[in-house]
Amino acid sequence: MIVIYHNPDCGTSRNVLQLIEAAGYLPQVIEYVKEGWTKPQLLGLFAAADLTPRSALRTTKSPAAELNLLEETVTDAQILDAMVEYPILVNRPIVCTPKGVRLCRPSEVVLDLLDHWPSGPFAKEDGELIIDERGNRVYT
């Protein structure tokens with residue numbers, strides 16, 4: 001089973017979801033901004049993805065700066081509390097598969113988590129090619 005913690009307003013998140021679906025998977029899609037987070041859920045995801053609250057913090061287009069979360073003196077516990085209160089603070093998308101858990105930025109990171117890929121070609125919304133016409137990953 002594949003789970004994607006998704007924000008439909010995010011181009012990277014949309015690209016990752018489309019890539020997963022184009023590969024033939026039917027992921028469980030969790031719109032985390034609507035559903036929110038729990039501390040245990042975030043701690044589990046961060047541990048599995050080798051992230052910390054600070055490294056998973058969305059610093060742009062979020063209230064991180066106005067909440068003073070970008071200061072070096074802010075602890076991971078404080079960031080985690082803020083993430084539970086303001087789900088948009090968590091960077092996205094986070095994808096879970098039997099191969100692991102990753103913050104999939106850039107979009108092509110998700111390929112490392114899939115057993116099979118779209119047959120190709122596959123391009124991001126902006127036209128950047130991720131998989132060529134032969135089904136091979138494009139490295140830029």
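Using the three backbone atoms N, Cα and C, a Cβ is placed for every residue, glycine included.
Now, the feature entries from Swiss-Prot:
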- HIS6: site 'Important for activity' (SITE)
- CYS10: active site, nucleophile (ACT_SITE)
- ARG58: site 'Important for activity' (SITE)
- ARG92: site 'Important for activity' (SITE)
- ARG105: site 'Important for activity' (SITE)
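Swiss-Prot feature annotations superimposed on the structure.
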{"residue": "HIS6", "record": "site 'Important for activity'", "Cβ contacts under 8 Å, 6 or more apart": "SER13, VAL16, LEU17, VAL29, ILE30, GLU31, TYR32, ARG92, PRO93"}
{"residue": "CYS10", "record": "active site, nucleophile", "Cβ contacts under 8 Å, 6 or more apart": "ARG92, PRO93"}
{"residue": "ARG58", "record": "site 'Important for activity'", "Cβ contacts under 8 Å, 6 or more apart": "ALA64, ILE88, LEU89, VAL90, ASN91, ARG92"}
{"residue": "ARG105", "record": "site 'Important for activity'", "Cβ contacts under 8 Å, 6 or more apart": "THR12, ASN91"}
